[in-house]
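Undergrad: Below are the features listed in TrEMBL for this protein:
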type	residues	note
TRANSMEM	32-53	transmembrane segment
TRANSMEM	59-79	transmembrane segment
TRANSMEM	91-111	transmembrane segment
TRANSMEM	131-156	transmembrane segment
TRANSMEM	168-187	transmembrane segment
TRANSMEM	207-224	transmembrane segment
TRANSMEM	231-250	transmembrane segment
TRANSMEM	262-283	transmembrane segment
Amino acid sequence: MSSPYPDRPATPTGAVPAQWVPERRSHPTRDVLALLAVALIGVAALGAVGLVLVQVGVAAGVVGTVLALVPLTVVLLGLKWLDRWEPEPRGALVFGLLWGAGVAVLVSLVVNEVTLYAVAEATGDLEAGAVAAAVVSAPVIEELAKGAGVLVLFLARRRYFDGVVDGIVYAGVVAAGFAFTENILYFGQAGDALAQTFVLRGLVTPFAHLLFTACTGAALGMAARARSRHAVWGLLPLGLLGATVGHAAWNGTSLLAGEAFLLVFLVVQVPVFAGVVGLAFWLRRQESAVIRHRLTEYAAAGWFAPHEVEMLASLPRRSTAVGWATRAGGPAAGEAMRRFQRGATTLAFLRQQAVTGRSDLRRHTESERDLLTAVTSDRHRVLAAAAR
């Protein structure tokens, strides 16, 4: 099989030797705080799941947990597909998942329960309280609670928040965590209707919470691309409004009986989901276009060969290149190829930030220099291993 590189790969004058690795900047205090935050959120998630198990019983809770893993897996695989070009850090994704499963659920359980009984006491009608909790309280409180987690990630990682895809991915993991704990509750309480409940929530509508919270994530993603750092405070309320209205409409629809629910589901919600899937495909193509366009600019300066740009802008060609490197130079060469691809992708999005006026010039220059050096080093590692 031929090499995915041209005979003379594009390198800058005075390229660094293959054994050099750029120094990793360490931020001990920041790392400790991040670990502490994840630990605390993890405790909240355990508390939320424990509270649900108390409500439904251990046996039903175990069954519900196992079944809830099915839609969780489906959603996470969908997000992984969307996030292929520039995967988000696992730590941030774990934080989002635990926030949704813990903090957001605990806040929602308490407020929705209070709303239910407050309305029931005021009206003397328990059913009215249940409707108020489902159509008014739940959409508002749940989307605020989930949105708060996405906002925390946005503020903590604003420098690396590249756009709408990042926003949807972070919103998606928060929503997935929330839906996981909520599904344990629903499945555990379903009784004889367990099979029907699982099919509806676990197989037919596993992406429901993601679709709502994605409005908030998309708004934050647009804010990340805005030139003004204050744009977030104008766009965030719009995203939350969209998430809340969508959630309320969904919950209201679920109160309809039989054929009415099915009709609304097929006529409204299925087309909406199809539209979101189409948007996801379009966003992936846009990211590919950004990578090709920005790396072509670096190629013009001699940092990449045209052949490399084509490989880096195509997921199938990336996989082929990793396979070639692994066969030619072993696992180390394959990993170096992956680092080369990740570094080049980060470089492309970094330049996109600079071109659109969204990055500090000094920080951009430092990061760009480090990435170019690392990419060059990884290229040498691949070629040196393949030449043995």
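Glycine residues also receive a Cβ, built from the backbone N, Cα and C atoms like all the rest.
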Undergrad: Which sequence-distant residues neighbour the transmembrane segment (91-111)? Criterion: at least 6 residues beyond either end, Cβ under 8 Å.
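TA: Apart from its flanks, the transmembrane segment (91-111) reaches 34, 37-38, 41-49, 51-52, 137-138, 141-142, 145-146, 148-150, 152-153, 156-157, 169-170, 173-182.
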Undergrad: Counting only residues 6 or more past its boundaries, what in the same chain has a CB within less than 8 Å of a CB in the transmembrane segment (207-224)?
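TA: Sequence-distant neighbours of the transmembrane segment (207-224): 74-75, 78-79, 139, 143, 146-147, 150-151, 154, 158, 161-172, 174-176, 178-179, 182, 201, 231-232, 235-236, 238-244, 246-247, 250, 272-273, 276, 358.
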Undergrad: Please identify the stretch among 32-53, 59-79, 131-156, 231-250 with the greatest number of Cβ pairs below 8 Å relative to the transmembrane segment (168-187).
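TA: Highest pair count goes to 59-79.
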